[in-house]
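Below: one structure, written as structure tokens.
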Protein chains: 2
Amino acid sequence: MPVFLDATAPDFETAFAALLGAKREDAPDVDEAVAKIIADVRARGDAAVFALTAKFDRLALTAETMRFSPEEIEMYCAEVPEGERVALELAAERIRAYHARQMPEDALWQDESGATLGWRFTPVSEAGLYVPGGLASYPSSVLMNAIPAKVAGVERLAITCPTPDGVVNPLVILAARIAGVDEIYRIGGAQAIAALAYGTESIAPVDKITGPGNAFVAAAKRRVFGKVGIDMIAGPSEILVIADAENDPDFIALDMLSQAEHDESAQAILITDSPDLARDVAAAIERRLETLERRAIAGASWRDYGAVITVSDLSQAAALSNRVAPEHLELCVADPMGLSEEITHAGAIFLGQWTPEAIGDYVGGPNHVLPTARSARFSSGLSVMDFLKRTTLAQMTPEALRAIGPAAETLAISESLEAHGLSVRARLDKLND
Amino acid sequence: MPVFLDATAPDFETAFAALLGAKREDAPDVDEAVAKIIADVRARGDAAVFALTAKFDRLALTAETMRFSPEEIEMYCAEVPEGERVALELAAERIRAYHARQMPEDALWQDESGATLGWRFTPVSEAGLYVPGGLASYPSSVLMNAIPAKVAGVERLAITCPTPDGVVNPLVILAARIAGVDEIYRIGGAQAIAALAYGTESIAPVDKITGPGNAFVAAAKRRVFGKVGIDMIAGPSEILVIADAENDPDFIALDMLSQAEHDESAQAILITDSPDLARDVAAAIERRLETLERRAIAGASWRDYGAVITVSDLSQAAALSNRVAPEHLELCVADPMGLSEEITHAGAIFLGQWTPEAIGDYVGGPNHVLPTARSARFSSGLSVMDFLKRTTLAQMTPEALRAIGPAAETLAISESLEAHGLSVRARLDKLND
């Protein structure tokens, strides 16, 4: 049974803290196995990747067949029905337009000392994108990862996507082509992450790896972090809906189930100032769970982690939501933009009853790779910034050095860093000659 | 002996690859010890922190004495001589001015479908800053970490700084006060990181932890990552200088030694198109090493990891520098701004002969917390962005949902996510009623 809480009840704080603290994911400890796989790929390169792919994916690869050829890509793309192709193209166009606006500005200015200061953004040169195979092989995730990379200016973008028993999802191939991906490899697991990070005879190493994956992929990403950059390690999906009385309970039920159907560890929470709506949404969820295709998964998520909280007013709802810091937040209220200003921690906000979270998963434009497990308190969704880095610029003139150099020398001496101080002093002495 | 390479020699590529691949740091494996310390602090809170501080810092603390009182802070600040105080204030002012320019803009716009899209930045609410004790207790690092946090709008900023045997560095306390730090605790090591991440009876938990530390601190930061955000794990310092013939060899020698004096594992590299300068800088380094206070450290760094590379032209120097992706890059050439446009990977660039790297360590304005170990290929120095996160915003109108909803439904069905599709379809049906 999901949890039903009344925020005005005396024992609410205890129950809410328990809800916040509930551990939803018990990732299996595969770290040792992953360390061995990475060492094997570093030592034997292609040969290790082929052996591991034969073992895990029951697929015999060679240096020639590991990478999809232009002809294969063409063939798979042609298999995608018109409707799906058009939908993918619309999604790609909207995602591209949104992310293009994220491109940051370079800056260069002169300050009152005469020093020139600034920064410049440059793209990561080469990036790798992990795409899961099988059930969780989502073409939408290919767009959401690859398009920001290409908008940022990544020159070489390689995808790895396992094809167990040789089964390929043509939509993934088409999404990669639409997004401008440069290379697609039919490998997966920790061996794919190792190949991207360290390179093999056939796969050049990359500088950054993004994309979701299972426990092996997550452990491998943690291990190669430092050698390459990685994105966040995503946890199970979450949605929090703040709703007033003026809502269709079935809309909200479906929005909550659309996260619950991802994963038995997903979490859907409703916070409302209407006890009637609370009751009606819960009933609508039960009704929808009778027929939903993924009712086993969605039902388990709702039963184990679902929650309905009634509050006295919407500001209280916003305050509770801030403590959850949800990945997805729907504001189904009369003035959603106004209420959004009370939100301090959330991955993505969906405003008003005509904005189901699923719009954001596909065609809204913003990224659907978002911080989970309360990490919206300190991190953001994927963006072009994940594929850019900032180099700071500083140029002193003799006058600027005369103005601020002595302070640097003083601080260097106070930190017992003599050469630091001398590097400034030698120049000041020359200027004073 | 440092390495001397000629980029036009036939065996250069092999030697340069060896230089790039050289492992400069062998961090001791303290992970198991750190796991125990974190578990202890989580289980016993203050009591564990007191016991560990007694053991490692030979200091008996209580809930009352663990945090510096306003009177103590006042007392230590009064001990700082006028010259150092003024220098710290100048540095703080310049760092604040630079970082204030980094504050990103929120955005909100309406697209052609009628949808409202955008994003909003919000600060991390609570942050912790680790400051090492003893020799590496640098007041400049307090400014460099704390000021971006306060500029970003962090409400509560707590510092932990161990005081072995009770010895306090008054400059650290003053730097913290100038930067606007809210709480200062005299604890360190993995126990300080655990206390910041999980909280104790006396220390409230934070959302993000930044700042440098030893192997125990680095391992603890890795372990608490996910529960809280962390900044990068910094490696030994690096400088690469690109210089033409028109330079004072002693300036460049001192700049290179100012990184070498940090750490025996630090690295200083000179790339020049002038064989004469190469020879003169090497000689100047040897001369300075005769008298430098930290000559043991700087000499070991120079001997084991130093390199001088001669090239045929400065574009070749830029290309080699891009493969190194140095933390600090000095461009001591006639047209430094022009050459900087050929630089694709570097943490910070210092332009021209009047900009010693040490200016950037203290008073330049840009941050001195920068990516090491070639990670400038995929990451940036510390900035206000490390203390902000972006929430995406999306609001559909009925018209917008009619325009783009069907594509979302198509893609949801193609990914076998029925509830996602139904959440859009239910709304489209209602609109079509």
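Any Cβ shown, glycine's included, is placed from N, Cα and C.
The NAD(+) binding site feature in TrEMBL is assigned to A:TYR130, A:GLN191, A:ASN214. The Cβ of A:TYR130 (NAD(+) binding site) lies under 8 Å from the Cβ of A:ILE159, A:THR160, A:CYS161, A:GLY188, A:ALA192, A:ILE193, A:LEU196, A:ILE209, A:THR210, A:GLY211, A:PRO212, A:GLY213, A:VAL217, A:LYS221, each on the same chain and at least six residues away in sequence.
According to DSSP, A:HIS420 (substrate binding site) is assigned to a helical segment. Neighbour list (A:HIS420 (substrate binding site), Cβ cut-off 8 Å, at least 6 residues apart, same chain): A:ALA408, A:ALA412. Taken from TrEMBL, the feature substrate binding site applies to A:SER237, A:GLN259, A:HIS262, A:HIS328, A:ASP361, A:GLU415, A:HIS420.
The feature Zn(2+) binding site is assigned by TrEMBL to A:GLN259, A:HIS262, A:ASP361, A:HIS420. For A:GLN259 (substrate binding site), the number of other Cβ atoms no farther than 10 Å from its own Cβ, over all displayed protein chains, is 29. In the three-state DSSP scheme, A:GLN259 (substrate binding site) is classed as helix.
For A:GLU327 (active site, proton acceptor), other Cβ atoms within 10 Å of its Cβ number 29. Under the heading active site, proton acceptor, TrEMBL lists A:GLU327 (among others).
The annotation active site, proton acceptor is assigned in TrEMBL to A:HIS328 (among others). Secondary structure at A:HIS328 (substrate binding site), as computed by DSSP, is strand.
Less than 8 angstroms from the CB of A:HIS262 (substrate binding site) sit A:PRO236, A:SER237, A:ILE297, A:SER301, each of them six or more residues away in the same chain. Take the Cα of A:GLN259 (substrate binding site) and measure to each of the recorded positions A:GLN191, A:ASN214, A:GLU327: the nearest one is A:GLU327. Contact with chain B, taken as any Cβ pair under 8 Å, is found for the binding-site residues A:ASP361, A:GLU415, A:HIS420 out of A:SER237, A:ASP361, A:GLU415, A:HIS420. Highest Cβ count within 10 Å among the binding-site residues A:ASP361, A:GLU415: A:ASP361. Residues A:TYR130, A:GLN191, A:ASN214 are the ones the record ties to NAD(+), and the longest Cα gap between any two of them is 13 Å. Among the binding-site residues listed here, namely A:GLN191, A:ASN214, A:ASP361, A:GLU415, A:ASP361 has its C-alpha nearest to that of A:GLU327 (active site, proton acceptor). Here A:GLN191 (NAD(+) binding site) is compared against the binding-site residues A:HIS328, A:ASP361, A:GLU415, and the shortest C-alpha distance is to A:ASP361. For the binding-site residues A:GLN191, A:ASN214, A:SER237, the ranking by surrounding Cβ atoms (within 10 Å, all protein chains) places A:GLN191 first. Distance between Cα atoms for A:GLU415 (substrate binding site) and A:ASN214 (NAD(+) binding site): 47 Å, as a whole number.
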